[in-house]
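Undergrad: My questions all concern the structure below.
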Amino acid sequence: MIAKYILFGLLTILIVEARKPKGCISIKSVTKPIQHAEGPHWDSHKQLLYYVDTFKADALKWDPKTNEVTMFHIDDRNSIGIIVPIKGDPKGFVAGADRIVYQIKWDGKENNTAKYEEILMVDESKPNNQFNDGKADAKGRLWIGTLTRNPDQSVKDNGGELFVITDKKLLKDNQQVNYTSISNGLAWSKNNKHFYYIDSAKRNVVIYEFDLEKGVLGESRVLFDLAKYPDIPTSGIPDGMTIDSDDNIWVAIYGGGCILHVHGQTGELLLKLDLPVTYVTSLAFGGPNLDILYATTSRMRLTEAQIPSQPLAGTVLAITNLGVKGLPANEFEADEWKKQSC
Ligand SMILES: *[C@@H]1O[C@H](CO)[C@@H](O)[C@H](O)[C@H]1NC(C)=O
Ligand SMILES: *[C@@H]1O[C@H](CO)[C@@H](O)[C@H](O)[C@H]1NC(C)=O
């Protein structure tokens, strides 16, 4: 009888082992929760992760070697979209907070020791606009989008734009996409011939032809449409995204509790990975081999009663064993900004 049970146990173990995918995907949280973690940027030179707490107007830095988090708050602002290092300037960053682009100097060692300077304002005629997601392209231009925040925190349709910022003046008519509702995730293909873009309200990912030399977008088509996936709740919207070295995209589904791996040319859904939090905001590959997928998450929309069932909401999750690698993130490049001693 006992022998039978032992045999049964062994068989079960063997079957389970055989079914396991090669190298099990592991998901663990690496930071303490904050309200709304967003905009992850992996710094390959310093091996650090930068991200923001959007509605606290805080920028944060997490060091995986010490596990320490440091931060700085931008005074007088209601929100921050992103923080991106300036190329060749170890203490330099560009950030978008409310409608304002900032130049920042911060050594990252201690809290609230950053110096920052307002450089320019976008959407001058739209006081309720604020920056959302943004990234530098391979030539160091900053692509950053806006949205219109209603007083009740909802978002007004078609109130935003996607801007390209290259120097201290706001280039006239530099909106690359007009009438966006929630300008969000961005990514470029490895050869920089394509640009991927998410307006969350449209629940899709659009692929554009991209001219890297000129920094302009060409023809576009919808690559991936969430409406075709009824098992993803309609409350789930695409938020931030990143791309892997196979030119396939990874999309955070805010309100959908998952991330999606999508073929970069056909739009085929390659993988849906459920996460232990409902509100996943964005993604960035990091780690020494760029094979750890960091996911920022939020607890802002959870009620007090819901939080105990999602203790990891608001943390940064590290997802490993996905079998893919990312591409190094571009940095902002502007000689004019480096000279400035702010
Ligand atoms: C710095 O800020 C981080 C993030 O809020 C916090 O976890 C940490 O304890 C702070 N460090 C100090 C020395 O107060
Ligand atoms: C967006 O609008 C501006 C004018 O406000 C215009 O100059 C620009 O060409 C438009 N961009 C696109 C991509 O249509």
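Heads up, the Cβ atoms here are built off N, Cα and C, so glycines get one too.
Since this is a predicted model, take the numbers as computed values, not measurements.
Pasting the relevant annotations from TrEMBL:
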type	residues	note
ACT_SITE	ASP239	active site, proton donor/acceptor
BINDING	GLU38, ASN184, ASP239	divalent metal cation binding site
BINDING	ASN132	substrate binding site
DOMAIN	37-298	domain 'SMP-30/Gluconolactonase/LRE-like region'
SIGNAL	1-18	signal peptide
Undergrad: Compute the mean position of the Cβ atoms of GLU38, ASN184, ASP239, which form the recorded divalent metal cation site, and then list in sequence order the other residues of that chain whose Cβ is within 8 Å of it.
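TA: My list of surrounding residues reads GLY39, ASN132, ASP133, ILE182, GLY185, ILE198, SER200, GLY240, ALA252, TYR254, THR281, SER282.
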Undergrad: Just the number: how many Å between the Cα atoms of GLU38 (divalent metal cation binding site) and ASP239 (active site, proton donor/acceptor)?
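TA: Roughly 10 Å, rounded to the nearest whole number.
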Undergrad: Neighbour count first, Cβ atoms within 10 Å, every protein chain included; then name which of ASN132, ASN184 tops the list of binding-site residues.
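TA: When each Cβ's neighbours within 10 Å are tallied, ASN184 leads.
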Undergrad: Measuring Cα to Cα, how far is ASN184 (divalent metal cation binding site) from ASN132 (substrate binding site) in Å?
TA: 6
Undergrad: Around the Cβ of GLU38 (divalent metal cation binding site), how many other Cβ atoms lie within 10 Å? Please give the count over every shown protein chain.
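TA: 27, counting other Cβ atoms within 10 Å of GLU38 (divalent metal cation binding site).
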Undergrad: Within 10 Å of the Cβ of the residue listed as 'active site, proton donor/acceptor', how many other Cβ atoms are there?
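TA: The answer is 27.
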